[in-house]
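**Q** Right, I'll just put the structure down here and ask away after.
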């Protein structure tokens, strides 16, 4: 049992290191965090209902996760080959496109929650 707890503690530390690394090195991650703080402030200010809060929090966390997955894909493809290759460019573009698609959807959903409150 002790070994299992130690193993999970180490895994948690590596995961936390990944979040910290993303914050320190990825400008887009920091932008997402800043926009997340704005959304949280607006949610308090506009006194959102519980269900609306849950939607906003889901949008925030899913966006941060997708940004980290995008970063992991970029780092992995760079580790495979830093040369300009069509297959690597496609992987990077699709990962970035996934983030862009999510961001557009998140803006639309958040707008549907926030705008009627003004």
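From the backbone N, Cα and C atoms, a Cβ is placed for every residue, glycine too.
Feature list, courtesy of TrEMBL:
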- 67: active site, proton acceptor (ACT_SITE)
- 67: substrate binding site (BINDING)
- 74: divalent metal cation binding site (BINDING)
- 74, 92, 93: ATP binding site (BINDING)
- 31-48: transmembrane segment (TRANSMEM)
- 54-73: transmembrane segment (TRANSMEM)
- 94-116: transmembrane segment (TRANSMEM)
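Tell me what's around each of these sites.
**A** For residue 67 (active site, proton acceptor), applying a Cβ distance below 8 Å and a minimum sequence separation of six or more within one chain yields 22, 26, 28, 29, 32, 99.
Applying an 8 A CB threshold to same-chain residues 6+ apart, the list for residue 74 (divalent metal cation binding site) reads 92, 95. In the three-state DSSP reading, residue 74 (divalent metal cation binding site) counts as helix.
All chains included, 10 other C-beta atoms sit within 10 angstroms of the C-beta of residue 93 (ATP binding site).
Outside the transmembrane segment (94-116), and at least 6 residues removed from its termini, the chain residues within Cβ reach (under 8 Å) are 28, 39, 42, 46, 48, 52, 55-56, 59, 62-63, 66-67, 69-70, 73-74.
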**Q** Around the recorded ATP site, report the further residues of that chain (criterion: Cβ within 8 Å of the mean position of the Cβ atoms of 74, 92, 93; site residues excluded), sequence-ordered.
**A** 70, 73, 77, 88, 89, 90, 91, 94, 95, 96
**Q** Could you tell me what the rest of the chain brings near the transmembrane segment (54-73), counting residues at least six beyond its ends with Cβ under 8 Å?
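**A** Residues 18-19, 22, 26, 28-29, 32-33, 36, 39-40, 43, 48, 91-92, 95-96, 98-99, 102-103, 106, 109-110, 113 contact the transmembrane segment (54-73) from elsewhere in the chain.
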